[in-house]
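Student: According to TrEMBL:
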type	residues	note
BINDING	His44, His70	heme binding site
BINDING	His239, His244, His262, His265, His266, His320, His324, His341, His344	Zn(2+) 1 binding site
BINDING	His345	Zn(2+) 2 binding site
DOMAIN	9-87	domain 'Cytochrome b5 heme-binding'
TRANSMEM	173-193	transmembrane segment
TRANSMEM	218-238	transmembrane segment
TRANSMEM	275-297	transmembrane segment
TRANSMEM	303-323	transmembrane segment
Amino acid sequence: GGAMATVGPRSFSAAEVRARCAQGACLVSCHRRLYDLSGFVRLHPGGEQLLRRRAGTDVSAALDGPPHRHSANARRWLEQYYVGDIEPGDEQGFAAPNPATAAQLCAWYQDALWVPQRYNHCLPPQDLVDWKKPLLWQVGYLGEKYDEWVHQPVDRPIRLFHSDFFEFLSKTAWYVVFMVWTPVVLYLSWVSYTSLAQGNTRLFSSFTTEYSIPVHKYYFPFIFLLGMILWSLLEYLIHRFVFHMKPPASNYYLITLHFLLHGQHHKSPFDSSRLVFPPVPASLVIGFFYGVLRLLLPEVLGLSVFVGGLCGYVIYDMMHYYLHYGSPKKGTYLYGLKAYHVKHHFEHQRSGFGISTRFWDYPFRTLIPEETFKKED
C-alpha cells in the first residue's frame, strides 16, 4: 500500500477527557501526556482495580503501586497507548480528584472484551523490522540485535508468512484446540481403559514372563495422572531449553526458528491468534511423542500415558490463553499465576518457565523471586 501520513499528537481538554471516560474509556495522564488504556486494563493483573482508583492521577505512581513494581519494558509498553497531551492549564483538573471523580473518570465496563488496538501512529516508527511485511524472513538479519528486540514486547498483531495458506495454519482461536483434542482424549481414554480391562497388559513381559507385572484397568487413572505429570515436566523443559534458547547472532536460520517457535509470542504477547498451538503443526509434534511412548512401553500402557499427557497439554494451552486474556479474582491461585507469567514476559524472560504450574521452577532454581512482586520503597 501507499505511505501512511504521519499523525501527530493532539491536545485534549479536561472536559473532553471526562466525556470519553463517561462513555467507557480508561484514560490516564502522566505529566500532561495522555494514555488510553481502555483495551489493555483488564489484561493487567489488578490493573482494572488499580487504574479505577488512580485514574486521572500521575500514572508514574500507578506504575509503581500495588500489586507489584514494573519493569522498563512495562514503561515502554505504556507508550504504545499514548494518544496526545492535555491542554496547558487543564492538567490541574487531574492532579487530585476525589474518589467519586476518579471512579467517574475511569468508568470501565466489567463485561467489556479486549479487542487488539491498531498500532499507535502518534509514535515514530522506530523499529528494526518492516511491520508491513511478514516478519519471519526479516528477523534472522537482526543478528546480535535480535535477542533484545524480541524481548521488548509490543501490542500489535504479527504476520509470519507471505502465503495466506501457511499464515492460516500458523494461527488459531483458543477454542479450536479444545474442540479438536478433547474428543481425542475422551476416545483414547475409553480405548485404553477397555484394553486394560481385557487383562492382557503386563509390564516387563519383553524381558521375562515369569516376573512380569499385570496392569489392571483400575490402574488407568494413576497412569493417566502420570502422563499429566510427565507432560508438565516436558512443558517446562521445552519452554526453558527450546523456546528460550538464545540463538547465535550469526545464525540466520536458528534465529528464524526461534522466532517461529516462541519469539513471536514474546514480541507480541497479546496477539490472540497466536496464544495456543495450531492443530496442524501440533499434530506432528504430538504424533512424535506418541511414537516415542510406543517404543518405550507396551502398546496399551504407552497409550494410557500418552492420553494423560495429551490432556495435560490441552489444560496447558487453555491455561496459557487464560493467563493472557482472563481476569482472575485478586488473591486466587490463578491471579498469582497470571502476575507470575506477566513478570516472565516483561522482566524475567530467563526464569519463570512454568505456565500451568510453578512447581518445576523450584527444583530447577528458575523461580521468579517473590520480592520482585512487591512495591519498591
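Yeah, the Cβs are placed from backbone N, Cα and C, and that goes for glycine too.
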Student: For His266 (Zn(2+) 1 binding site), list the number of other Cβ atoms lying within 10 Å of its Cβ atom.
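Tutor: Looking across every protein chain shown, the total is 19.
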Student: Could you check which of the binding-site residues His239, His262, His266, His324 is the closest Cα neighbour of His345 (Zn(2+) 2 binding site)?
Tutor: His266
Student: Using a 10 Å cut-off, grab the number of neighbouring Cβ atoms around the Cβ of His239 (Zn(2+) 1 binding site), all chains included.
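Tutor: 19, counting other Cβ atoms within 10 Å of His239 (Zn(2+) 1 binding site).
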Student: Between the binding-site residues His262, His345, whose Cβ has more other Cβ atoms within 10 Å than any of the rest?
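Tutor: The largest 10 Å Cβ neighbour count belongs to His345.
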Student: Same-chain residues six or more away whose CB lies under 8 A from the CB of His344 (Zn(2+) 1 binding site)?
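Tutor: When sequence neighbours closer than 6 are ignored, His344 (Zn(2+) 1 binding site) has Ser351, Gly352, Phe353, Ile368 within Cβ distance under 8 Å.
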Student: Can you count the other CB atoms that lie within 10 A of the CB of His324 (Zn(2+) 1 binding site)?
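Tutor: By my count, 19.
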